[in-house]
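Engineer: Here you go, one structure.
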Amino acid sequence: MSKLMLIGTNYWYPSKFGCTIFRKVRFQSTLKCTSTARTQPIDPSAKTIRHLQFVKEIPFETGIDIQEKFVRAHLDIKQLQSKIKREMTNLQKEHNAEIQLNFHEQMILDNINQMKPNPIVLTFQFEPTYTGGKRVKKQITDEQIARYEGFIPSKQKYNKKPKFVQAERGGQVTFHGPGQIVAYIILDLKTFQNLPAKCLVSTIDNAAMNALKVVPKFQGSDEPLNLITQKTNDTGVWVSNQEKIASIGIHVRRSVTSHGICINVDPDLSYMNSFTMCGLSEKKATSIREQVPDSSTSVNDVAVAFVNQLAKLLGITTVERIQLDDLPIYTD
């Protein structure tokens, strides 16, 4: 039995619909997203959020593969449900009457509806990796990539060299590595009330800010970190106008989200501050350790606090959590 089966059978659906089509979507909304704004689930599947917490460092590409499997599960079920809805509509038009299902047909439809995955948050700590967002996809040169992959801080000379990987998220170049939590948020925006993409981004920011207040300052302690952060005109979460502690970038396909946020707990900041990150040449990265040197809070502590705060802001009352070292990925 794979580890994935431990989570629940409604998490995994092999793809039967071929390749997923990536669509460029521009989200426009007049809905104002504020720090006090709240949404709530409007579909039963969204009332529980599941947190898969990876507690060991893994390659960035492995994390992306794991994320894509869960995104495809959402997309495949949406496609199946849409197909059933179209067929039912066509039958009603053909017979000019409402279609009455027998017991077994209704049971099949009910089972399909219950297969819809819950919102899921994957939290990782990656091996050193520079990732490019969509804004640099056609601009970055081989020479620039070589500089990223050739940069080895003096304290990291015996550790793995960084890689450069192009990612399907918004934004420009950022860094993921040890000492940093990366949280990928996979959910269907349409299963929540008034939650366009821009409001999800605001919700993620607010969850990170709240987590940095309430996460334990010391492992096993009830004393909160109480690190005060803010938003600025630039994306992400900031300790000051010049010091960024969390970066955000999401991707949306047919209302299903992926990617999310990274929060600096105790990374080697020279990976970030030796280059221009997120296109902000005059800004610098900071971390919990730099801001609160005596804190012993860990990446895993911050991961738990972030997911709990995200659930609150989404109006979700149940968080199911499982800790994993790795998750086998099987291809068709």
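Yeah, the Cβs are placed from backbone N, Cα and C, and that goes for glycine too.
Not my notes, these are from Swiss-Prot:
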DOMAIN    115-318  domain 'BPL/LPL catalytic'
BINDING   Arg169, Gly170, Gly171, Gln172, Val173, Thr174, Phe175, His176, Ser247, Ile248, Gly249  substrate binding site
SITE      Lys244  site 'Lowers pKa of active site Cys'
ACT_SITE  Cys278  active site, acyl-thioester intermediate
Engineer: If you draw a 10 Å sphere on the Cβ of the residue listed as 'active site, acyl-thioester intermediate', how many other Cβ atoms land inside?
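Structural biologist: Result for the residue listed as 'active site, acyl-thioester intermediate': 22 other Cβ atoms within 10 Å.
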Engineer: Can you check how the pLDDT averages out over the domain 'BPL/LPL catalytic' (115-318)?
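Structural biologist: Summing pLDDT over the domain 'BPL/LPL catalytic' (115-318) and dividing by its length gives 92.
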Engineer: At a 10 Å cut-off from the C-beta of Gly171 (substrate binding site), count the other C-beta atoms across all protein chains.
Structural biologist: 22
Engineer: Give me the non-local Cβ neighbours of Lys244 (site 'Lowers pKa of active site Cys'): same chain, 6+ apart in sequence, Cβ-Cβ under 8 Å, ordered along the sequence.
Structural biologist: Asp234, Gly236, Val237, Trp238, Met277, Cys278, Leu280, Lys283, Lys284, Ala285, Thr286
Engineer: If you count, for each of the binding-site residues Arg169, Val173, Phe175, Ser247, Gly249, the other Cβ atoms lying within 10 Å of its Cβ, which residue has the minimum?
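Structural biologist: Relative to the other binding-site residues in Arg169, Val173, Phe175, Ser247, Gly249, Arg169 has the fewest Cβ atoms within 10 Å.
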Engineer: Under DSSP, is Cys278 (active site, acyl-thioester intermediate) helix, strand or coil?
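Structural biologist: Going by the DSSP assignment, Cys278 (active site, acyl-thioester intermediate) belongs to neither helix nor strand, so it counts as coil.
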